[in-house]
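According to Swiss-Prot, the protein carries these features:
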type     : residues       : note
ACT_SITE : Lys35          : active site, proton acceptor
ACT_SITE : Tyr255         : active site, proton acceptor
BINDING  : Arg130, Met303 : substrate binding site
MOD_RES  : Lys35          : N6-(pyridoxal phosphate)lysine
Amino acid sequence: MNPFPRAEISSSALQTNLAALRQQAPASRVMAVVKANGYGHGLLNVAHCLVSADGFGLARLDEALELRAGGVTARLLLLEGFFRATDLPLLVGHDIDTVVHHSSQLEMLEQTVLSKPVTVWLKVDSGMHRLGFTPEQFSTVYDRLMACPNVAKPIHLMTHFACADEPDNTYTSVQMAAFNSLTAGLPGFRTLANSAGALYWPQSQGDWIRPGIALYGVSPVTGDCGANHGLVPAMELVSQLIAVRDHKANQPVGYGCFWTAKQDTRLGVVAIGYGDGYPRNAPEGTPVWVNGRRVPIVGRVSMDMLTVDLGQDAQDKVGDSALLWGKALPVEEVAEHIGTIAYELVTKLTPRVAVCLA
């Protein structure tokens, strides 16, 4: 078997996670967020596995066009909207919805001649202060969109939460109240809830939920695990041992002689490194799953390899599988060891890692 790392994607896990989220929000439609190459799981792979989703959320127009070219006919929404007037005919031609969050987008809609109107989701800045129109701007912007012949009616309404992944933080309630007050009585769909909103803030679920990381079996909350919500990891990042070596006490290993063995042991070298997207800053003790147990990384992660301490009496051999994260070793646990979030780990795999449906 090829010793190089691969990300094995489970279609059944993706479908299980979609079903679990529907159960969490039975009155809502699901806008499956597949931006950033399906959170590293493969854009078309994920979309085809989640064909029963009601729509897909994307960050960029090229992602939406790839889905249309791949035969995806569901509703598509550009979560950051469009950036050039020349994008608008593509939205029309490929039946792609757009978020409008900035005055420049509004002006382009007003000034461009289109063959038919575009479906717009007006983004309200309810407190995240990143994208969207402030409550003070909302009424004027809404009226301009209503008057614009290039905008399909009704206009849909959305916001995004800053702290929904902190279940005890009341700021999410503040944002919900601001959004609901501002949009009361207006027609159109409403969408507020990301993964954390769908899982932890049921009152935010609205007409559509927009789950991202949860679809891939990962909890959005630090210290939590997707399995606690009936979610199954969709990615197994696997490689192999390409060397097993006896190692003497007081001998270092790796660049900079960063780690020194306290006793005689056996070391395993795994064929994965920062050239594959595994973080170079993974500290000593970060777990890897080998033959049914966690073994710690020792020494520095290099471009193509990392080293694990298998233990003095280990019987592991060259060619044995090494799981970097997956069902047996949740990516949330690995991320916590490294001091990052699971989102970053799954989306930063490089093209050297083969992504395949398992």
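Cβ coordinates come from backbone N, Cα and C, glycine included.
Considering other CB atoms within 10 Å as the measure, the emptiest surroundings among the recorded positions Lys35, Arg130 are those of Arg130. Cα of Lys35 (active site, proton acceptor) to Cα of Met303 (substrate binding site): a span of 27 Å. Close to Tyr255 (active site, proton acceptor) in the fold, though at least 6 residues off in sequence, lie Gly299, Arg300, Ser302, each with a CB less than 8 Å from its CB.
Sequence-distant contacts of Met303 (substrate binding site), defined as residues of its own chain at least six apart whose C-beta falls under 8 angstroms from its C-beta, comprise Gly273, Tyr274, Gly275.
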